[in-house]
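First comes the structure, then the notes that go with it.
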Amino acid sequence: MERFVRLISTTPLLLLLALPLALASHDYGQALSKSILFFEAQRSGYLPHNQRVKWRANSGLLDGKASGVDLVGGYYDAGDNVKFGLPMAFTLTMMSWSIVEYGKQMAASGELSHAMDALKWGTDYLIKAHPEPNVLYGEVGDGNSDHYCWQRPEDMTTDRRAYKIDPSNPGSDLSGETAAAMSAASIVFRRSNPAYARELLRHAIQLFQFADTYRGKYDSSISVAQKYYRSVSGYNDELLWAAAWLYQATNNQYYLNYLGKNGDSMGGTGWGMTEFGWDVKYAGVQTLVAKFLMQGKAGLNAPVFERYQQKAEYFMCSCLGKGTRNVQRTPGGLIFRQRWNNMQFVTSASFLATVYSDYLTSAGRYMKCASGNVSPSELLSFSKSQVDYLLGDNPRATSYMVGYGNNFPRQVHHRASSIVSIKVDSSFVSCRGGYATWFSSKGSDPNVLVGAVVGGPDAYDNFADERDNYEQTEPATYNNAPLFGVLARLGGGHSGYNQLLPVTPPAPKHVVTQPKPTPEPKVTPSPASSSSPITIEQKLTASWNSKGKSYYRYSTIVTNKSAKTLKFLNLSVSKLYGPLWGLTKSGDSYVFPSWLNYLPPGKSLEFVYIHSASPADVSVSSYTLA
């Protein structure tokens, strides 16, 4: 791995290429199933009878008890065991938005009930966390003590103190985001569970009033959150965000006028953004208000709403690379904002581009960027390119969704997945003992964290699958939530839906379905080696031209055609003039990658390489069958 990283870094010409990868289409339905399943591995509290992630068990059963409140339940945010309120609420808002827009497509694929179960697990917790109109619990556990330990959630010995905001210690960003989450979720449950939807809306209205009346940043009141989820953008974006969702949920003109009255002073019409995520909500607000404008609901607020829309389209143009200030791209085409968990910005931007594409289509409009007009289909193509990259169409041929495809991260920075399940070995894992035994292990995770979207590659498409590489291998709930909608849309199509009409997701049909198995690659045996137990097939998967020179990307599939397990494989690769991914260099030859110890009968492995020549010569030097 290190050798390949160095090889890429010393080849600047390759780094400058924008690869027009057009590889095999993906199974978006399978990816959707897995992305939802991930949330079952993040559950805290008493697990339900229909829990599908069987290696997890009950945890955090005394949360809130010391404060006299029941805070059992909810989600762990990432690879640790803390429940952080701000990112959890944003996760639930994005889950809800995905279901509101694309619930019909989810229903058609049989995943709507799973998506709504995932949402309700979170909103049930938010209800508990809001025991009084002006009190909201925003964190359980402490990041400092939690990160000192490496333990399964089931073994936690860390401080489980609960932290709250109230009128004396306000947090308008936290309460505003929670109001947005609960109002958006009320739309989701309006048809299938109207009493629950009304309860969510009651909490949302109270929380917005609390946020607007007692203003302040939540991390000034819950200072232990500053190191992990500091509110850099402040709270104005969350107040506008909550008002937008409350208008959608209630159709109350008060919230629409709030957006009109405060759009300029709170930054809704002023901030031109190139990011959208758990901290900065402006691009999401601007997209929703642009929707209201295209729906013809603006009324006297139309001049202000037009300025919101201009900023929404500023964001879209920047993602496409057609604006006045564009988002950075990796050589492989992935939008890039930061080294630490860049994939969160990829999934959230892809979602906004997807819904805005459908809003424009429904309105019969196109978008105007600095470099010219942009059609709705171009926005959707951008979203598809980002999701396809995430799922494996990238220079490394790596899927950044665990459990999807053949080549995905095996050493995820995640306490529960990296430690043997308590159901397999109930021996207590101590605070520091977990580091010594499990964190430092170079082996694959004993529990596959199916569906988790990890932080992803760096600015040059490089990625190190190592557990201590938290910037790249740690997953997060807010990486996955926006993907719900994008994957449902890409898998289910549009089918003539008008995204500007009021939408209430259909009531789900509660069926229990296991995620579809990952399909094995279809390999045509090489005629030249048909009698050999090991076959090799190479194919050209992409080509491009840069500065007058042609470059080619080749995929090579090695298949064990025997009836025995392939225990050792030594490949000779000659006439190779560029980087190779998916094998480990051993002297002058190549052997199994670090995540693969053997190849069962009938199974295949894939590696890829890029160079400016005909296919390299690949042959089997030696092998061992047992």
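For all residues, glycine too, the Cβ spot is worked out from N, Cα and C.
Unlike curated entries, TrEMBL annotations are predicted automatically.
Annotation source TrEMBL lists signal peptide at 1-24.
The number of other Cβ atoms within 10 Å of the Cβ belonging to His413 (active site), over all protein chains shown, comes to 24. Feature annotation from TrEMBL assigns active site to His413 (among others).
Per TrEMBL, the feature active site maps to Asp465 (among others).
Annotated active site per TrEMBL: Glu474 (among others), in sequence order. Listed in sequence order, the residues of the same chain lying 6 or more apart from Glu474 (active site) and placing their CB within less than 8 Å of its CB are Ala78, Gly79, Asn341, Val412, His413, His414, Val454, Gly455.
Marked as region 'Disordered' by TrEMBL: 507-532.
Summarising the annotation, TrEMBL assigns domain 'Carbohydrate binding' to 534-614. Under DSSP, the residues of the domain 'Carbohydrate binding' (534-614) split into helix, strand and coil as follows: 0 helix, 51 strand, 30 coil.
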(Q) So if I draw a 10 Å sphere around the Cβ of Asp465 (active site), how many other Cβ atoms end up inside it? (A) 21
